[in-house]
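Here the structure comes first, spelled out in structure tokens, and everything after it is commentary.
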């Protein structure tokens, strides 16, 4: 049975060239970047190259890039680092209702610590209301954290407009974006967006798990999460994950030239799948913004349970997800769908399909066929029950 | 100096002429549970089983043995030569190395009548020797901090801990039973309780993929694995149940589906029992716990079984069941949030007082096709040995 992996927003398969490069690093460039001898220098050099590469992709200085263990650490490091560095009596921090749990949970943690936490609601496509943001900004606002691309819906927030509003209202306020689902998929320019901090990660772009990076603009003071040997310019102690970082770099290199073209190809693939579903399945609803990231398709089927549909597709070798993998351990599973006000009868029947360059048109058509078949047989069962 | 675990059995010692069979079986079960302790050697001596282990395996060995049914208590002991000088030295050492004790007592028993000192004299002599040798300690024969047992046989066994075990009968002595194992809290406890009465448990799990995920199946496998520490090796049948279940949901009245599904589970379990030579079914049902476990509901599921159905939890409150589940270590796994096949397709208004005649009438629509479907389900069952 051919496998069609449509859960690329959860994670991706490592590119063989990335794996090769990592293997080579583990076996041949195994030094500790902090070691004084030449093996150390070689490892340091490898990390430095990737640092410069990451910086170039988002338009910043390479000294402003710090390597982490991934998106969750990046978001924690920035939010906690900013908040705990300030000693003011009145502080406000602002985020949105559809953020990843590694942002939302940190915010709600501070809610109990006498910090004014504002969680902006979103419209039915998942966008925040810019006027509401403007109205919410004040002199005591120290941090605004708004994700670039939503992991469940693919909705893209207008970071440029948000940056403008934030900086106009309060130039000292730090503007951060969780860009895990956007990095190397849609373009970003931290300067143009007036971003002070950005979270990126490797395993969503065919790199290894357990590595990511953050951008923190020079001059932004932040209390480190991890203390110790003083690596990463004292911002993130711990021996660098050299093979991981090199793998991350290779993954970026492999996409650097092609990702803008790929974006268009994926957009077509997504439209094709939507058309197919709309043709073959009744009573469905495509959620999010049609002009959002084409890598994510969030679709609801009335009278079907998403989880059961997922397992039915699994049996046909097609892998999708319900909501996001990151929230499947959480109690409040569907907070994103709730935030966009999705009707109850659709909410239960929602799946997320997320694409990669490896998905062909034939795969998409096959997925449509399989979904149509599974939905039909599940609905038949329900119909049989209703009739009685 | 050798280390041993002394194993005492209670109830089985009373079983008259079958006594040897019971003890053999218990020794075998102990041997089996100690597969992971290669140094262990199991021997029978008068009225006891003793297990020789290397000192570093003592803890693991104790942990495993304490879970075997048919054992009243165990004691970790040292074995020394039955020579009064050696006995005295070791008695002193045992008391001296015991931490935080102020009082002690010696309970010496002479089993080997060729040993020159009689029990009361030995008691007295050892007590005095220890009292002289260990500073800051006194004798208390009624409520001592440490009671040092000295059993003089061919060799001498010395110990001061009595660890209570679960009692019961050795697994296997009461025959084989087929347990309907879901992923919930109750059924593993039911299996545990019947194993305690000597039943060898095989388990039957109904898997309704895609309505239940492979994680739910893995959870049941994990539960069976935990149970196997008590029950011995468990053979788990994973029955592909989707076809049977969806047909029932499709063709039978909504209110009755839960009961009818359970009736078919009983039938399939009985087919597996026949195949395995099991002489009873075991369920985790508890009276009144859910809609299908009313007296009428139980009656309706019971009616399809020809084998006796053991329901050891029938009179238990949920809290009591939870307590046992926690003690035996299945609770944490049981509460993992994966769907089991009983929670999908729950009718809005389930029948709480089903009539058997109505069930039979409702099953007419599917009875014929079910013959093949059930046979296929049994045939295609995946067997996992734990």
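Even glycines carry a Cβ here, placed using N, Cα and C.
Binding of ATP is attributed by TrEMBL to B:180, B:181, B:205, B:206, B:262, B:293, and within the candidate set B:167, B:168, B:277, B:284 the record adds B:284 to that site. For the binding-site residues shown (B:180, B:181), fewest C-beta neighbours within 10 angstroms: B:180.
According to DSSP, the secondary structure content of the domain 'THUMP' (B:59-164) in residues is 36 helix, 35 strand, 35 coil. Residue B:206 (ATP binding site) carries a strand DSSP state (E or B). The 10 Å shell around the Cβ of residue B:293 (ATP binding site) contains 22 further Cβ atoms across the protein chains shown. Of all the Cβ atoms in the protein chains shown, 28 others lie within 10 Å of the Cβ of residue B:206 (ATP binding site). When secondary structure is read from DSSP and collapsed to three states, residue B:180 (ATP binding site) falls in the strand class. Residue annotation for ATP gives B:180, B:181, B:205, B:206, B:262, B:284, B:293. The furthest Cα pair among them is separated by 19 Å. The Cβ neighbour count for residue B:205 (ATP binding site), using a 10 Å radius over every protein chain in view, is 28.
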